[in-house]
Amino acid sequence: MERYSAEKIKQLLKLYFIMGSNNSKLSPEEVLTQALKGGITIFQYREKGENALSGKEKMELGKRLQQLCKEFSVPFIVNDDIDLALELDADGVHIGQDDETAEAVRAKIGAKILGVSAHSLEEVELAVRAGADYVGIGPIYHTNTKKDAKEVRGTALITDVRRQDVTIPIVGIGGITAANAAPVFHAGGDGVAVISEISGANQPYANTQSLLNALNIEA
Ligand SMILES: Cc1ncsc1CCOP(=O)(O)O
Ligand SMILES: C=C1C=NC(C(F)(F)F)=NC1=N
Ligand SMILES: [Mg+2]
């Protein structure tokens, strides 16, 4: 299997839904089904934080969510847990700066999608050199979802990266809603990642559609 092109990754990043069992108001399966019907372009299973599942339960939920993604031909990404990603034959992984190095993860996952969180130009450039397929930059806006989120930076780092002519696909994350998503693209981002705007919604389908409309993307 060969690596995804940057162009393909940029298309996939457009509306990036991220969820774990502790983020969802409705059942995770119901939320993801509605989000997939609403038109998300990629999904990340992020089972982390208080009351997060582990072991067999974590794997079983991951398998069910992966199956839903397969039905919609939407890539299934696993956060942090490389072993789980390999066990499920996920489409890729996302790692932070406190996980294994991107080089070590790339060696394990081959041509699967590799995403890296970055909070500075230096970290973006390290991710590029390590062969990451995309970087996640945030928090763009205030968020309550990630307890240890870094300083809220707006789109400044995205702008800085593009000013340096660094072209790696970028997805913005943190406090993103239909009302504030557009600036991420204006700054040079290729997509927006959301947790609570969809997972915490009473109507995940409706919120997903609103986000897509805000991005002027046909559902
Ligand atoms: C995982 C993560 N990384 C930076 S902010 C964040 C949480 C985003 O959640 P929400 O979309 O609910 O603000
Ligand atoms: C902490 C994170 C930062 N960014 C992303 C993504 F949006 F996928 F790039 N996922 C995460 N889990
Ligand atoms: Mg991590």
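The backbone N, Cα and C atoms fix where each Cβ goes, glycine too.
These numbers come from a predicted model, not from an experiment.
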Check your understanding: Out of LYS14, LYS25, LYS70, LYS146, which is the one TrEMBL records at the 4-amino-2-methyl-5-(diphosphooxymethyl)pyrimidine site of GLN44, TYR45, ARG46, GLU47, LYS48, ASN79, SER117?
Key -> LYS146
Practice item. Determine the most Cβ-crowded residue among the binding-site residues ARG46, LYS146, using a 10 Å radius around each Cβ and all protein chains in the structure. Key: ARG46
Practice item. For ligand 1, pick out the binding-site residues GLN44, ARG46, ASP80, ASP99, LYS146 that have a CB under 6 angstroms away from one of its atoms. Key: LYS146
Check your understanding: How many other Cβ atoms are found within 10 Å of the Cβ atom of SER117 (4-amino-2-methyl-5-(diphosphooxymethyl)pyrimidine binding site), counting all protein chains shown?
Key -> 20
Check your understanding: Under a threshold of 6 Å between Cβ and any atom of ligand 2, which of the binding-site residues GLN44, TYR45, ARG46, ASN79, SER117 are retained?
Key -> GLN44, ARG46, ASN79, SER117
Practice item. Mind telling me which of the binding-site residues GLN44, ASN79 has the densest Cβ neighbourhood, counting other Cβ atoms within 10 Å? Key: GLN44
Point to revise | Site extent for 4-amino-2-methyl-5-(diphosphooxymethyl)pyrimidine (largest Cα pair distance over GLN44, TYR45, ARG46, GLU47, LYS48, ASN79, SER117, LYS146, Å) | key: 16
